[in-house]
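Per Swiss-Prot, these features apply:
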type	residues	note
BINDING	Thr65, Pro66, His67, Gly68, Glu69, Gly70, Lys71, Thr72	ATP binding site
Amino acid sequence: MLTDMDISSRASLKNITEIGADLGLLPEEMMLFGHTKAKVELSVLQRLAGQRKGKLIIVTAVTPTPHGEGKTVTSIGLTQSLNAIGQKACACIRQPSMGPVFGVKGGAAGGGYAQVVPMQEMNLHLTGDIHAVSSAHNLGAAAIAARLFHETRLGKTEFEAQSEQAFLDIDPNEIRWHRVVDHNDRCLRQIHVGLGDNNGPEYESSFDITAASELMAILALSHDLADMRARIGRLVLALNTQGQVITAEDLGVAGAMTAIMADAIKPTLMQTLNGSPCLIHSGPFANIAHGNSSIIADDIALRLADFVVTEGGFGSDMGFEKFCNIKVRQSGQAPAAAVLVTTLKALKANSGLATEVDSNVSNIHVPNISATNINAPDQARLEAGFANLNWHINNVARYGIPVVVAINRFATDSDAELQWLIEAVNASAAFGCEISDAFIQGEAGAIALAQTVVRAAETESQFKLLYPDEASLEAKLSTLAEVGYGATGVSLSIEAKQQAQQLTALGYGHLPLCMAKTPLSISHDPSLKGVPKDFVVPVRELVLHAGAGFITALVGNVMTMPGLGLKPGYLKIDIDAKGEIVGLG
């Protein structure tokens with residue numbers, strides 16, 4: 001079979017204006033980037049303000065493994081197949097970060113004959129939204145550092161006289177706004193700034209990957225430009241020496257940060273291999289951020305299409321949980337159905353009986369258990385791994401959403417094992433189960449899945465949140481740990497307990513939680529496979545994101561700046577003699 005790159009390069013593409021017109025966009029509602037991409041103007045929301053909305057489908061997965069489960073392949077394949085059976089469908093997915101592209105995970109345009117094209121344009125830069133987020137974020141970091149420098153140099157009286165600005169009395173030990181870059185670079189996790197003469201007061205800082213920036217979350221959760229401006233104004237950049245918050249509005253930088261992102265708030269329209277529309281917007285990771293594409297993209301698509309297919313990152317304990325408890329809480333748009341992606345490989349890898357070892361990813365294997373051939377038939381491992389799938393089925397169902405299981409078929413899969421899995425799923429709480437061959441067959445490979453999803457979406461969804469706004473932060477943490485992950489409880493570090501008290505006292509206790517934890521286990525420990533039991537979730541730190549409207553709980557050893565592995569993806573990427581990009585996947 002051709003590589004994803006070859007398939008994308010050989011694809012016959014429509015002009016993006018034709019894709020937009022078929023979706024229902026007017027010419028003046030598209031800001032063109034060549035023939036393959038267009039920004040969608042937010043004026044379309046005003047034109048379609050009274051339009052009946054379509055049905056939202058959320059795609060999630062079992063606990064991820066290094067083999068890949070094919071969640072984006074399924075999202076794109078389902079969208080293509082929905083259009084093929086006469087439903088008007090649009091996909092809404094996140095923009096890939098270049099960190100994973102050059103690291104382990106690779107791109108995020110789908111694969112095979114279920115991908116967004118041109119895939120190289122989507123995976124590298126796209127229309128520059130992530131760069132805009134990086135620039136706006138780092139402007140905030142530069143502004144707080146410069147303000148600290150001048151206030152320290154001049155003192156209160158002279159500073160206010162010369163600058164005609166209020167003295168903020170910044171505590172250099174309480175600067176909360178660090179810098180970001182769209183790469184995996186572990187050496188930037190802990191740095192000192194202001195070194196040397198006349199370079200400002202020294203203080204400890206760090207870099208996060210841009211996908212973890214609060215501005216990325218704001219981009220994903222804003223309803224319009226005015227909402228984004230207000231949210232950026234609420235960003236907490238630092239505390240003063242009295243422990244009071246200093247916001248981007250206080251610093252006077254919120255307007256400029258918004259200006260940098262003025263075009264980034266517009267989703268980017270692309271197409272799939274069969275000409276289905278796809279809106280790509282925002283790129284928060286699901287392990288260290290909330291892991292879903294934008295409310296704005298969903299809103300536009302829902303006013304133009306019968307079905308909108310979106311996805312949450314990683315497993316249902318990660319992106320799907322945050323989709324429900326953060327995104328839906330803010331958008332008010334509940335899904336009509338969910339699709340849960342699994343593979344035979346994933347279930348065997350999650351069995352706990354044997355685990356594949358990948359040198360590119362640290363701490364993913366169970367010690368002292370030898371690896372076996374993941375492709376070989378193994379009924380014992382499959383049955384043991386089904387517990388993980390069944391947990392995720394029940395996890396989705398607890399939100400009151402009908403769930404359809406999609407088995408992403410690989411060429412090496414055993415027919416007997418596939419049949420056993422279908423029967424096991426049909427005996428579970430799932431609405432239905434279908435095999436997807438979208439990777440190999442494109443739109444023809446997920447027709448049955450599309451038909452079952454339509455039937456599921458016709459049932460009456462009884463969506464419910466996991467916890468109410470008014471619950472205390474400690475109660476929300478306990479609910480997420482015990483109900484969301486199956487833990488026996490949660491333990492807060494001394495620092496986290498103090499932060500919970502401080503955040504509550506400052507009036508932020510009503511905000512939902514964004515759990516930053518490993519995606520490689522339902523628990524906080526990546527070595528615990530299957531359905532872990534008898535564990536306690538350790539919360540080491542709580543981080544306020546007042547602009548985005550949630551509080552991040554850092555769990556275990558999760559990092560907000562990834563590192564490159566032993567065999568990074570950039571080793572395969574180059575330019576050929578024709579100037580074409582090769583090795584991207």
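Placement of Cβ uses the backbone N, Cα and C atoms for every residue, glycine included.
Projection of Swiss-Prot feature records onto the structure.
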residue : record           : Cβ within 10 Å
Thr65   : ATP binding site : 24
Pro66   : ATP binding site : 19
His67   : ATP binding site : 17
Gly68   : ATP binding site : 18
Glu69   : ATP binding site : 24
Gly70   : ATP binding site : 27
Lys71   : ATP binding site : 28
Thr72   : ATP binding site : 26
Collapsed DSSP category at Thr65 (ATP binding site): coil
Gly70 (ATP binding site): secondary structure state under DSSP, collapsed to three categories: coil
Shell list (ATP; ref centroid = CB of Thr65, Pro66, His67, Gly68, Glu69, Gly70, Lys71, Thr72; cutoff 8 A): Ala61, Pro64, Val341, Thr343, Ala346, Asn408
